[in-house]
Amino acid sequence: MNHLEGSAEVEVADEAPGGEVNESVEADLEHPEVVEGQQPSPSPPPPAGHEPEDHRGHPAPPPPPPPQEEEEEERGECLARSASTESGFHNHTDTAEGDVLAAARDGYEAERAQDADDESAYAVQYRPEAEEYTEQAEAEHVEAAQRRALPNHLHFHSLEHEEAMNAAYSGYVYTHRLFHRAEDEPYAEPYADYGGLQEHVYEEIGDAPELEARDGLRLYERERDEAAAYRQEALGARLHHYDERSDGESDSPEKEAEFAPYPRMDSYEQEEDIDQIVAEVKQSMSSQSLDKAAEDMPEAEQDLERAPTPGGGHPDSPGLPAPAGQQQRVVGTPGGSEVGQRYSKEKRDAISLAIKDIKEAIEEVKTRTIRSPYTPDEPKEPIWVMRQDISPTRDCDDQRPVDGDSPSPGSSSPLGAESSSIPLHPGDPTEASTNKESRKSLASFPTYVEVPGPCDPEDLIDGIIFAANYLGSTQLLSDKTPSKNVRMMQAQEAVSRIKTAQKLAKSRKKAPEGESQPMTEVDLFISTQRIKVLNADTQEPMMDHPLRTISYIADIGNIVVLMARRRMPRSNSQENVEASHPSQDGKRQYKMICHVFESEDAQLIAQSIGQAFSVAYQEFLRANGINPEDLSQKEYSDLLNTQDMYNDDLIHFSKSENCKDVFIEKQKGEILGVVIVESGWGSILPTVIIANMMHGGPAEKSGKLNIGDQIMSINGTSLVGLPLSTCQSIIKGLKNQSRVKLNIVRCPPVTTVLIRRPDLRYQLGFSVQNGIICSLMRGGIAERGGVRVGHRIIEINGQSVVATPHEKIVHILSNAVGEIHMKTMPAAMYRLLTAQEQPVYI
């Protein structure tokens, strides 16, 4: 909406049907003299030989005698007025809210070329789903043009027809219609009455019988009430829609949270929003004035109905008038004329007041910056809401850090880090009060639970900056969940690739075109939302990764490796293979983007990123109404300090009678005849266990070894902490010896576990898959209780779970509280003892 006075032709874009208010009001701004003084043009004479009919199609009685020519002239003017008005109401389309609708002007074609740029900037495309409705409107426009050829006929516009037209557009909020005047139609006041835009037009031609006029009046009153209710409902819906989208947002933290993920618009989009707000203000204020006029209208009409008729009030009196057009006229009734003039004056006063308010609102919009309801201001203080991931290209301007912002004296951020938090409007008290109210409405949780790390949690919310040198980036293919050792190997490979590329670049006099020079100075921006790499000089974002895509961070000396995950696109053949083999889902390859930096604060950078994950997790808990203290690490550590290590293994190993040196005699070239398995990660002394012995072999014939015995050393060589393959190689090397010395600890094949879990809030600290313990949390209550990775659970609290389904085992463990007694066995030993695997003796 760049100007109020503009075109003569109605610009039909996709505007809400509330737009007719804009058109009518702007028409008044341009032609105030039309509303007050212009008279409608006389109607064209009826065709020769055509007899006028009443509204039911019966021939009308002959015209009155010549002395009543003035009355007929007045009725002719009224008929022309109603005919033009009715044809106008049959020509309407819907346009979208916020477009410009201007009144008529003869020089429109000359101005159209000058305003081409404005039209291209502010034009709104048609709604694709409204095509069916537009076609119906055009068809009705043709029908109305045909009906104008018979000005002496009465054309009924029923509510059922309107509802049928709205069937294809029923999903939209607004239901008002626009007046669209044909280009060749002479100007006649289309909005003589702003209070009844959808009332029906009836005209009495000649002296109709009193009974028919009375029936027409009753029909008019009934349909007028229905149209008024329909209009008020639609108008109320539009006002309610406007209030929901604008007025209620700045006062409600829930609304702020709802619109928080939207990115900030550039200047072009802000201009569009200002124009849209102006349109909404005009519609709202004009509609209020029209609503008031609609409320006052029934009183005036009641006065007209109670006015004395020339026949003395008899119902069959031939002088009973029928309503003419949108404005009631009583022929030959002075009292009725005065009432109509008074009502018309009140109407003009209400419209003038609305125009004045609109002008003031427009001036206020021009002189004051208005925040669009779709781009709420960023808060100066963090508001605890769950945030959605936004595209890096859309919101990089929102979180772009500013140089020179050092951390506050009381901040616990590291010396190498700078805080990037600055208020958008430092002197705006409204924003500060809104933020305070938002914080009061949140759960009364502590601000932060202590999170280990070098930074203050509040600084991580706003973002901190580290200075670094960008060395380069490379891509690696990785599994979905590789181990830490694999991650470190990938990080080292990325560093070696970058250093090799640097050496090649140094060997050349000039780097190839399109390849960045090494050692670019950058600012590494770290927050709970994302990690950005900014050019130190221009502050332009070079890389931007949401925090949730960061899979690994490693510091190797003064080198920092940042690894971000990206899904590798798959070909059709790969998709077909995975569709036929769902088990291959975990084997998908992922692209890992590895960025390599050099910084003196490499360790601080890695620790800060790890701390950002912890603070982001607390944000998630608070947004879901969970007190972070309920799951704090401190409380869990206090629980561990109250528990003693389950020391049955330690006591067993410390007893001298359980530790023995065993000598095995055998023939040279003969194998020892044993099967060994790992004791399992989490045991007191990680070593190998005898899982099976060959029948008739040297180990079995000696009678000194049992299944479950742990081998500490062989011929003075310790096996503690060695990989299983190494231990197997050592035993295989005994083939040429005739005497073997083994140091063993006698242990039962089944291990006893005791877990103390005081409450369901505390996790057990291990995971189970098909009855086998596959992972264990270091330092948790499960490790203290003697749980070992690679063991199969045999028994839980005295109940055997050997043949129990996996889901039931998980259910039992999840609901177990107090002391949990379990018996486990190495899974490989279990398979050998149950003949699920064939032993391979060494």
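Keep in mind that glycine also has a Cβ here, set from the backbone N, Cα and C atoms.
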Do you know which of 469-486, 505-522, 631-648 Swiss-Prot annotates as region 'Autoinhibitory helix linker'?
631-648
According to Swiss-Prot, one residue in S267, S286, S441, S713 is annotated as phosphoserine; name it.
S267
Could you check Swiss-Prot and say which of S372, S391 is marked as phosphoserine?
S372
If you check Swiss-Prot for phosphoserine, which of S246, S411, S433 comes up?
S246
Using DSSP, what is the helix/strand/coil residue split across the domain 'PDZ 2' (752-828)?
16 helix, 33 strand, 28 coil
Residue counts in helix (H, G, I), strand (E, B) and coil for the domain 'PDZ 1' (661-746), per DSSP?
18 helix, 31 strand, 37 coil
